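> Take this structure first; my questions come after.
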Amino acid sequence: MDRSLALLGLMSTGPTHGYDLKNRYDAIFGAARAIAYGQIYSTLARMIRDGLIEQVGQEPGAGPDRKRYAVTSAGRDHLAAWLREADTPSPDLQTNLFAKTVLALLLDDDADALLDLQRRAHLARMRELTHAKAGAALLDRLAIDYALFQIEADLRWIDLTSARLTDIDEEVRHHG
Amino acid sequence: MRPAAARLLLLNGAPAYGRLAGIVAGVAAGTAMMLVLLGAFLHLPEREDRVAWLTPDGDYAQFDASDQMIPREPQSDALLSATLVDVFDGRTFDGLALAVTPDTTVTMPADIAPPAAGEYYASPAMIELIDSVPASQLGDRWGTLLGPLPDEMLRGPSHRAVLAGVDWEELDTWSSAVVQEEFRTTGPNSASATFRIVVAMGAIALLVPMVLLISIVSALGAAERRERLATVRLIGAGRRAMAILSGLEMAVASLAGALVGVGIAAAVRPLAAQLSINGSTMTVADVTTSPAWTAVVVLGIAALGAGTAAWRAYRDDVGALGATRERAEKPVTAWRTSTLVAGIVIFAGSTAAIRWIPNSATTWQYPLILGFALIAFGIVAAGPWITRRTSLALGARTSSAAGVVAAGRLGRHPRATFRAVAGLVAAVFIVSVFAGGSSAIAGESRVVDAEGMLATDTLVTYLGDDDDAQALAEAVDGIEGVEGAAVGWFSPDATVSGVVFAADDARAIGAIDVPPSGLVAVDLFDMMVGPELSGTDRPGVAEASDADPTALEPSHLLVLTDGSREAIETARTAIVAEASSSLAPSTRVDMEVRGAADVNNELSVMAYLGMGIAIAISALALSVASVAAMLERRRTFGLLRLGGMPVRQLRQTIATEAAVPLAVTLLLSAVLGFAVAGAVLESLSDDLSLQWPDPRYWLALATSLAVAALGIVGTFSAVRRSTELESTRFE
Amino acid sequence: MADPIITASGLTKSFGATAALRGIDLEVARGEVVAVMGPSGSGKSTLIHCLAGVLAPDTGSVAVDGTELTALSADARARFRLERIGFVFQFGQLLPDLTAVENVALPLLMAGARRRDANERSLQWLDRLDLADQAGKSPGDMSGGQAQRVAIARALAPQPSVVFADEPTGSLDSVAAENVLTAMLDVVRESGTTVVLITHDARTAAHADREVIVRDGLLSGTAPVGAR
């Protein structure tokens with residue numbers, strides 16, 4: 001999962017502080033590994049450089065925690081493009097898709113459509129593989145079957161997520 | 001076996017309770033019917049014993065060398081009696097003329113006081129009849145009424161009987177009078193044997209559909225039940241445990257049913273007693289079984305139910321869990337016809353024995369009943385095999401989808417499909433037996449007026465030796481409605497046969513081709529029975545010699561009436577009171593009545609009542625079985641309907657599945673039924689033969705078919721409903 | 001679409017207060033194999049019932065091979081299904097008392113074919129599905145895969161315009177499922193029959209030319225703006 005895009009997504013709900021951002025990130029995506037402050041600030045700095053976010057003010061007091069950031073329109077476009085893009089099957093897919101789904105829910109975007117998009121991409125890939133399998137040698141077919149089962153696992157996860165969107169939505173909003 | 005497992009097996013939801021309730025109800029009805037019929041069967045001989053006094057059993061008068069009757073002196077230790085053959089307005093009744101000395105030491109039945117000459121006892125039903133008409137028409141025949149005959153001397157409440165006291169010397173002249181030392185106390189076996197056979201046949205006939213209904217009901221929900229049994233097997237119950245459990249379940253259900261049946265039997269006995277057997281309705285006691293017999297029946301039914309269920313459960317390996325598909329039956333083989341064949345052989349053998357070995361009816365009635373039972377059950381046993389053979393032929397030829405589906409089911413489940421119609425098939429067999437039997441009696445010629453025949457309103461009296469013909473003729477002369485009397489004499493010339501009348505009298509009684517005057521000999525027998533029976537072309541009249549009538553010996557007195565009941569019965573009463581004969585004057589109609597009309601009526605009432613019950617049960621069984629067959633396949637039929645199969649074809653399928661076994665076996669049972677009736681008639685009766693059945697039979701057949709059709713049509717709405725889209729939704 | 005064999009537009013269908021279909025437009029091309037996917041309760045079943053003429057939609061129209069189904073009576077639709085539509089279900093569609101060839105001949109006989117012709121055609125179809133040696137057996141004596149192939153032969157024998165296959169391999173293991181599906185699609189593609197394959201299994205759906213996903217009574221991707 002691209003953490004910068006996850007952070008960008010979290011910031012899209014409204015201007016926020018770095019400290020707040022870490023807490024929210026950990027609550028939603030931190031199940032596997034919490035994010036370090038250092039990584040937050042280096043990512044923020046990189047996104048400012050790329051014009052995806054901007055500083056919108058500084059509250060009284062010293063330290064990096066007092067700065068507030070907001071997403072620029074370029075940042076929004078970048079985020080939307082990412083959300084609407086199907087991932088190719090890979091071991092990273094789940095975390096990435098998870099992040100996208102959660103962010104879509106947070107941003108009131110169409111999480112269903114997002115999952116459908118991914119489903120279609122996967123099915124198209126499966127269709128290709130199935131087609132290829134028809135004329136393939138037995139050993140190749142075994143390999144193709146392996147790939148098909150991998151994609152099928154993703155699809156099952158997508159179906160499950162899709163079926164539980166409402167519950168996930170509530171949970172995400174609670175943390176958000 | 002854990003109690004939880006037992007509960008799982010036995011009582012799981014409404015269908016299980018419905019099934020048990022069905023079994024209890026079926027067993028209850030069957031038990032009730034069986035108890036009543038068994039009661040009647042057991043009490044019939046005893047009932048005949050009660051009326052044994054009506055049957056004289058002694059020595060007839062001796063004749064001396066000159067052919068003169070030797071008078072029998074009055075004795076105090078003997079009784080002189082003769083059967084009274086009499087009739088009133090087409091209704092026959094039993095009667096005994098009795099003479100005892102005033103100081104008699106003979107024990108009277110039921111210890112009644114012996115009637116003196118001119119006194120009589122009558123049964124309550126007879127007294128009612130006597131009181132309902134003027135004494136001159138009936139009551140005056142025997143003199144003064146002493147009182148009612150006690151119940152111990154009667155067949156039942158509607159039994160009409162008379163015990164009339166006659167003067168010894170007068171009775172002695174009656175040719176039918178016999179001397180005996182005491183009254184009979186046991187009735188002749190043959191009197192009850194025929195009716196016992198009839199009752200036993202009826203019992204068997206009604207039990208067949210009953211047993212079938214119970215077996216159909218207990219097969220309800222077989223698929224669910226198999227699934228449940230498989231579950232019980234899976235949690236560790238062995239085959240023995242399953243058998244015991246199933247047996248216990250059935251024992252409890254059938255015991256409960258049998259006990260309810262005892263109650264029902266008690267309730268229906270007064271109704272059943274209203275049935276007339278051998279000339280009278282019965283007393284409630286006559287159709288009541290003793291406590292011992294009742295216990296035997298109840299326990300026997302429970303044991304039979306339990307044993308059958310246990311055996312079935314032991315034999316039926318439920319297989320793997322979830323194997324709930326209806327499985328094909330084991331193939332039926334031609335061996336299934338063996339019961340039928342055995343029944344036919346035994347039945348034919350015993351009827352032949354009764355026919356050709358004299359006085360063997362008592363012995364051979366049991367194999368006869370056995371043969372009948374084997375035939376009745378044999379038809380039901382052979383049905384599946386016949387069904388299967390037919391379905392194979394049908395399946396190979398039909399071009400209709402319904403035909404193919406029905407043939408497939410019939411071929412693979414011949415037992416289940418035939419069971420649905422077996423009740424009706426059994427009913428038709430019984431009805432055919434009774435229809436065949438009663439056809440013989442109904443087929444006898446009706447009494448009608450015809451040229452050359454004795455008028456139907458003319459009374460014929462056979463005169464005894466001491467009777468004064470002129471006095472009798474004068475006695476009836478003034479009676480209103482009596483149009484004349486004619487005396488007939490024995491022919492003085494041995495070469496001329498017939499009864500000799502004056503020519504005018506001969507014309508008056510309807511003889512034809514009578515010479516203008518003089519004496520003529522009339523073939524009175526021909527005139528009474530008609531050319532058909534006498535074998536001559538037409539009643540003959542021959543000129544007799546010119547002898548002086550006053551020198552001739554009178555033989556007959558013919559009384560011409562206007563046909564009114566009053567005239568006939570008053571004239572009859574007048575003659576009975578005077579004449580010395582046990583044979584009351586009778587018209588041609590009365591003679592037919594004395595034939596078998598009453599028996600005929602009794603038999604048809606029993607037959608059609610039995611048939612009604614059997615048809616009702618069978619229609620119920622047919623509907624239940626058809627619906628069950630439908631439900632077993634509801635998913636498949638539902639999916640076929642989804643695929644566009646018209647409901648019409650589905651209904652055709654259900655109808656074909658019932659119609660094929662019905663059609664083939666119905667024919668068989670009708671033919672066999674008639675054959676059985678013919679055989680019984682041949683063996684039990686000398687003068688009756690099988691006739692084409694009367695319209696009631698065809699009506700009964702039509703009713704059976706209509707009821708079958710109704711049973712099928714009744715399932716049509718269930719067919720549609722159970723295969724609606726909702727019952728077979730796409731997953 | 002160049003030559004649509006199924007054209008459905010604006011389909012809605014409600015059962016009481018529940019809206020099962022909320023406006024579905026769908027076209028299926030002649031000879032196409034389309035997978036219909038969607039979770040339980042999505043309206044997938046109702047959609048298929050409407051497309052096959054089992055149910056009449058509340059509004060909208062369905063045309064199959066030039067016949068406007070919504071204009072037909074229930075009886076006429078049943079007749080249409082009998083002659084022009086084949087069905088394959090997950091299980092339980094074969095009559096256990098009949099042989100394979102009798103089962104296949106059944107819809108032909110229902111449509112009025114003569115016994116001899118029906119038998120001949122049934123045997124041909126069984127042969128095409130590699131079941132020639134099973135023709136005289138009853139379904140109870142066959143494996144699940146063989147029984148499903150008999151069901152497929154039955155659906156195809158009347159040469160329908162469209163075959164609706166509802167989880168045809170749902171009760172089979174993966175190897176048998178794959179074999180049955182391959183056998184069916186080979187025959188179908190060879191004969192140019194249109195197939196609507198209802199499944200929740202992605203690997204089954206992957207055999208189709210394309211898939212449509214039903215969700216909340218709508219085809220996914222066609223949700224009105226702002227609705228979810």
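Including glycine, each Cβ sits where the backbone N, Cα and C put it.
Predicted automatically and left uncurated, TrEMBL annotations should be read as such.
Okay, these came from TrEMBL:
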- B:20-44: transmembrane segment (TRANSMEM)
- B:197-223: transmembrane segment (TRANSMEM)
- B:203-315: domain 'ABC3 transporter permease C-terminal' (DOMAIN)
- B:244-272: transmembrane segment (TRANSMEM)
- B:292-314: transmembrane segment (TRANSMEM)
- B:335-358: transmembrane segment (TRANSMEM)
- B:364-387: transmembrane segment (TRANSMEM)
- B:418-437: transmembrane segment (TRANSMEM)
- B:605-631: transmembrane segment (TRANSMEM)
- B:611-722: domain 'ABC3 transporter permease C-terminal' (DOMAIN)
- B:658-677: transmembrane segment (TRANSMEM)
- B:697-719: transmembrane segment (TRANSMEM)
> For the transmembrane segment (B:697-719), give me same-chain residues lying six or more residues beyond its boundaries with a C-beta closer than 8 angstroms to one of its C-beta atoms, as numbers and ranges.
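For the transmembrane segment (B:697-719), the list is 421, 424, 427-428, 431-432, 435, 439, 608, 611, 615-616, 618-620, 622-623, 626-627, 630, 637, 647, 650-651, 654-655, 658, 662, 666, 670.
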> Quick check: do the transmembrane segment (B:418-437) and the transmembrane segment (B:244-272) share at least 3 Cβ pairs under 8 Å, counting only pairs 6+ apart in sequence?
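By the criterion, they do not touch.
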> Which one, B:20-44, B:292-314, B:335-358, B:364-387, B:605-631, has the most C-beta pairs under 8 Å toward the transmembrane segment (B:658-677)?
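Answer is B:364-387, with the largest number of Cβ pairs below 8 Å.
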> In the same chain, who gets a Cβ under 8 Å from the transmembrane segment (B:605-631) while lying at least 6 residues past its ends?
29, 33, 198, 202, 205-206, 208-210, 212-213, 216-217, 219-222, 275-277, 409, 416-417, 419-424, 426-427, 430-431, 433-435, 437-438, 637, 654, 657-658, 696, 700, 703-704, 707-708, 710-712, 714-715, 718-719, 722
> Name the range, of those listed as B:20-44, B:292-314, B:335-358, B:364-387, that has the largest tally of Cβ pairs under 8 Å with the transmembrane segment (B:244-272).
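Per the Cβ count, the answer is B:20-44.
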> Any contact between the transmembrane segment (B:335-358) and the transmembrane segment (B:364-387)? By contact I mean 3+ C-beta pairs closer than 8 Å, pairs at least 6 apart along the chain.
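When sequence-distant Cβ pairs are counted, the transmembrane segment (B:364-387) touches the transmembrane segment (B:335-358), since at least 3 lie under 8 Å.
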> When secondary structure is assigned with DSSP, how many helix, strand and coil residues does the domain 'ABC3 transporter permease C-terminal' (B:203-315) contain?
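Split by secondary structure, the domain 'ABC3 transporter permease C-terminal' (B:203-315) comes out as 92 helix, 4 strand, 17 coil.
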> Could you count the residues of the domain 'ABC3 transporter permease C-terminal' (B:611-722) that DSSP puts in helix, in strand and in coil?
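Going through the domain 'ABC3 transporter permease C-terminal' (B:611-722) residue by residue, I get 97 helix, 0 strand, 15 coil.
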